[in-house]
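A.B. asks: For reference, TrEMBL lists these features for the protein:
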BINDING   Ser112, Leu113, Leu114, Pro115  (6S)-5,6,7,8-tetrahydrofolate binding site
DOMAIN    5-183  domain 'Formyl transferase N-terminal'
DOMAIN    206-303  domain 'Formyl transferase C-terminal'
Amino acid sequence: MTRLRLAFMGTPDFSVPVLDALVAAGHEVACVYSQPPRPAGRGHKEQLTPVHARAAALGIPVRTPRTLRKEEAQAEFRDLNLDVAVVVAYGLILPQAILDAPRLGCLNIHASLLPRWRGAAPIQRAILAGDAESGVTIMQMEAGLDTGPMLLEERIALTPRMTASQLHDGLSAMGARLIVTALDRLAAGDLPATVQPEEGVTYAAKLTKEEGLLDFTKPAAELDRQVRALTPWPGTWFEAALEGGTVEKIKVLAAEPVAGTGAPGTLLDANLTVACGEGALRLTTVQRPGKGPVEGAAFLRGFPHQLGQRIAQ
């Protein structure tokens, strides 16, 4: 292999295995860029991003600019005299001056099979849409949103019960493995680029909390994908009807589609199976406000409803 001098730009847990792989491969990671520390937890104490914390443990210098649009930040980046920059879920827009600074440009690891699911939440959108497969694309970055030429791609089948967390971990490991291969081939001049096709472009919009509300008039298969895609964040929930006309927000941490018929939102059995617009959804793990997670049957013992009664608003 050819040892390259590079900058690594990433922020969340997804990016950490990639940083580890670059170090293990023997590349010179001259600097790590990550989002600034932010208040977190009950004490609102500033917390380093996962990438920042890992880089610090490895003894790699870390920079946390709030923007890369300023000339000072761009000059600091140019002065690193990089061969290449590797970008994985960094979270800041890279101006053209940054993209042009490394000798071999900036490579991005994107968690989808481009051009499908360009944007912020490709893992969750793939599961929500019921896609049969996902994967990782290594691309040469340009100014557009995930529009750059594709360099390498690897695919993975989405199993029927796969969760966003499982796909996240699988694609993170895949990206870490694939970028090492990409850099070896890039250094050897053996990494041809393929322009992204214009057909098949979709956008993975940023997730919102509102998307977590379960609407039991929808098919159970769709709600199952919603739970698997949106756990742990933003999470899914339904509004349970209480005596006196009040409602309580119940988090759904795990569920599975099952056979069943009834008016949408009605309770079908003692295992917290709820009728949907098509089929039924068994809520296997739920959580009341201020309480810990419990199995559906245990939830009903402390939250009595009659079979056939409407449990969800």
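For all residues, glycine too, the Cβ spot is worked out from N, Cα and C.
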A.B. asks: What same-chain residues, at least 6 away in sequence, bring their CB to under 8 Å of the CB of Pro115 ((6S)-5,6,7,8-tetrahydrofolate binding site)?
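C.D. replies: Same-chain residues close to Pro115 ((6S)-5,6,7,8-tetrahydrofolate binding site) (Cβ under 8 Å, separated by 6 or more) are Asp146, Thr147, Gln196, Pro197, Glu198, Gly200, Val201, Thr202.
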A.B. asks: For a quick check of understanding: among the binding-site residues Leu113, Leu114, which residue's Cβ has the most other Cβ atoms within 10 Å?
C.D. replies: Leu114
A.B. asks: Just give the helix, strand and coil counts over the domain 'Formyl transferase C-terminal' (206-303), going by DSSP.
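C.D. replies: Per-class counts: 24 helix, 36 strand, 38 coil.
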A.B. asks: Pop the mean pLDDT for the domain 'Formyl transferase N-terminal' (5-183) in here, whole number is fine.
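C.D. replies: Averaged over the domain 'Formyl transferase N-terminal' (5-183), the predicted model reaches a pLDDT of 97.
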